[in-house]
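The next block holds one structure in the form of structure tokens; read it before the comments.
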Amino acid sequence: MASTGVRNGGPRMSTKLDRQGAGATPKAAAGKQRLSSAAGGAYRRTSSGPLPAAGGRASSDGVSSRVRVAVRLRPRNAEELAADADFGDCVELQPELKRLKLRKNNWESDTFEFDEVLTEFSSQKRVYEVVAKPVVESVMEGYNGTVMAYGQTGTGKTFTLGRLGEEDTAARGIMVRAMEDILADVTPETDSVSVSYLQLYMEMIQDLLDPVNDNIAIVEDPRTGDVSLPGATVVEVRDQKSFVDLLRVGEAHRIAANTKLNTESSRSHAILMVNVRRSVKGRAEMDVSISGENGHSSSMMGSLRPPVIRKSKLVVVDLAGSERIDKSGSEGHTLEEAKSINLSLSALGKCINALAENSPHVPVRDSKLTRLLKDSFGGTARTSLVVTIGPSPRHRGETTSTIMFGQRAMKVENMVKLKEEFDYKSLCRRLDIELDKLIAENERQRKYFDDEVERIRAEAQCRIAEAERECKITLENEKMKYHQEYLDSIKILEEKWKIHQQSPKKQIKEAESTSNDVGEVHNLLQNEKMLRQSAEEEASDLKNQVSHWKKLEATATAEVVKLRKMLDTEASQKEKLEEEIGVLRSQLLQMSMEADETRRSLDKGDGPGKIFPGLDSLVSQTRSSQPREQSNGPKQPIAKLFEQVGLQKILSLLESEEPDVRVHAVKVVANLAAEEANQEKIVEAGGLTSLLVLLRSSEDETICRVAAGAIANLAMNETNQDLIMAQGGVTLLSMTASDAEDPQTLRMVAGAIANLCGNDKLQTRLRGEGGIKALLGMVRCGHPDVLAQVARGIANFAKCESRAATQGNKVGKSLLIDDGALPWIVKNANNEAAPIRRHIELALCHLAQHEINSKDIISEGALWELVRISRDCSREDIRMLAHRTLTSSPTLQAEMRRLGIKM
């Protein structure tokens, strides 16, 4: 019979906090506070319930609350459905019993209990309600809270926490839903909500809202033990839309990479901090009323009592996925990222083990992640953990490790505390406002009195002036009235005298006017006859014109019929062309979707100089690499693309007027360029020329980034390097580098120039067209990936120069030194990043091999770096090369003797 073992993570506790602290055992729980110390201060109150009345004493003990753990199962993906079709899931869920069975084999299994068991069919709303909503409610009541996701890479941690749900609102993650509840419960007039969005990448805390701020220090209060990040950007949130915009900005700056387990694998731990500041309504009024009844205070003293505020913090942590190198296929810089992720997760696991076992020492300072989560495990925050697992039996080991992590976390006890403070600053501002109001009121009354006196004086003067003016006007009117009457009487007498004098002349004028009227009538009759004749002539002309226009109309009708036939023919041709364009577009989109479905079953096929296959998630939707060698495996997506569409049609779509079509086309060409077998075909078909034209003319950031990556892959071939130089590729890449600000675009451009730097024949031309200055100019970005490509290009250039000098083909000082590269090389010779340091150490050794460069090496302080490399370099070949260089150079030997340096 099958044997079944039951492992419990401890008794489940109620989700509601005991606000009054009844039944709590503070002495027993205080021993489990490993990651935080009790806070104290002159004005801060920390208690497990409401503040006591005036004269009472606030309790400093908190309420014991165990870390709640839920497990969520991801459904099978396309790769698992194909590869594990003959195998059952390695886990069996019993959500009604809150149990999970982990199968060892066909007849044995282990059973584990969790606070919540969420199946693959659980909705995002269900996950939020059982995992995060109780924590959010506690935060709104004044307690700190933490929601964290832990699990293997590719099991849905970021989907659970950080999904924005722009296309489907039902897919919104915990971050978006939590902020909706917080904003719905706060009062904008008295409360405030602010957020910070960070990522822990390679043990460096970086600000996702301000990428320039890439190394934030952790500050710990020596008195209270609280951990803070004063250098982080804090943005006040007023509405949900602004918060979603902040999340979108942060996700765009978060570092991700493509691995065998996940095409968009997060390479950093994302931390969202939401600070809530709320006023406690009714507390000040209650204290005043009690004091008034006891006779110890007046209404004036009550107004001087400071208001009470509650400060709480919600921390949402999206941990990077744990992974095994042999399964994820990480290498190069991605391998270094995986090591850093596993180290920080290992440190977190050690802390949780120590807390679960009540160990006297908890190794909090082993990682910055454990320092940031100091209050979440064993501290004063209410913590809810969701562990995500997959059903595939191939990852049974990782699933077991994730489940055991959750079981140990369930044994950790926190002492949640309510934090209330007197808002003396608000009281001071309120008193200042009252004082300003009193001063303003006094000045207003004084000014009103002065204005009233001036108004009465001015009104009296106006009345006197008005009376004088009315008297003067009245006298003038009387005078004018009498004068006008006198003039009117004189005018009437003059008119009567004129009529009497003109009566005989009037009869003569009437007779003359009658004869004139008869002549005018005769002239009008003559004019009417002439107008009638001209009208008849115009009518005959109009009839002739009408017949002429009818003939022209018949001719025009025939021409219109011909034109309509031509338009119908052109319309049918246009429809055919649109149908063909639609077919090509659908084929491109279909191939992008097929690449996403089959990417988990494909090998990476990256070489040390390839740039584009390592692009981040912006272009991972169209990436396709070589499939595993399987006799019955799926057909290669690139082969399908050649058969169904053809390379010429794909290249023609690069000139499409629609931006989306150009983006998809350049991504497909870039994916084809990643395969060495396709590079010759792309160049022969004019693909290189099209990419350079696109890089010159396009202003779209995505198109420039992907086109630069494709050119970088083509630049690995020596023949293609000559073509790129001949077509002005270095000049275009230099212009793109000077205009771009995005680190990924600069990384692509730097990688392309670095590949060209490895060609001995192109040294002078590359430097003459500004390639070296473009490389040095890109260091302004400061991003480690960009600096690594710049260092690789300088190392390649220095190696070619050293080889040419040894063969006698080069004389004179190094071109790198002429372009001012040596100070930057010396400055970064001991860089913390291993890829950058390795390339720079190699470049410095090659520069020092040429005796003519020795004086510049000494003057710039590079001699000390060469001595350090010969002694402390981790790579033996570089260490031996530096040793040979120092011993073979007379100038360097003399300087070392002068300084007393011994080898």
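Cβ atoms here come from the backbone N, Cα and C positions, even for glycine.
Taken from TrEMBL, the feature ATP binding site applies to Gly151, Gln152, Thr153, Gly154, Thr155, Gly156, Lys157, Thr158. Sequence-distant contacts (6 or more apart, same chain, Cβ under 8 Å) of Thr155 (ATP binding site) comprise Arg74, Gly321, Thr388, Ile389, Gly390, Thr402.
According to TrEMBL, the feature coiled coil maps to 450-477 (among others). Away from its own ends, the coiled coil (450-477) comes close to no residue of its chain (no Cβ-Cβ distance under 8 Å at least six residues beyond either end).
Annotated coiled coil per TrEMBL: 525-594 (among others), in sequence order.
The compositional bias 'Low complexity' annotation in TrEMBL covers 21-32 (among others).
The compositional bias 'Low complexity' annotation in TrEMBL covers 53-65 (among others).
Here TrEMBL flags 596-607 as compositional bias 'Basic and acidic residues'.
Under the heading region 'Disordered', TrEMBL lists 1-65 (among others).
Residues annotated as region 'Disordered' in TrEMBL: 594-637 (among others).
Per TrEMBL, repeat 'ARM' is recorded for 645-687 (among others).
Mapped onto DSSP classes, the repeat 'ARM' (686-729) shows 35 helix, 0 strand, 9 coil. The repeat 'ARM' annotation in TrEMBL covers 686-729 (among others).
Long-range Cβ neighbours of Lys157 (ATP binding site) (same chain, at least 6 residues apart, Cβ-Cβ under 8 Å): Ala149, Tyr150, Gly151, Ser266, Asp318, Leu319, Gly321, Thr388.
Shown in sequence order, Arg72, Arg74, Thr388 are the residues of the chain, 6+ apart in sequence, with a C-beta less than 8 angstroms from the C-beta of Gly156 (ATP binding site). Per-residue confidence over the repeat 'ARM' (686-729) averages 83 (mean pLDDT, predicted model).
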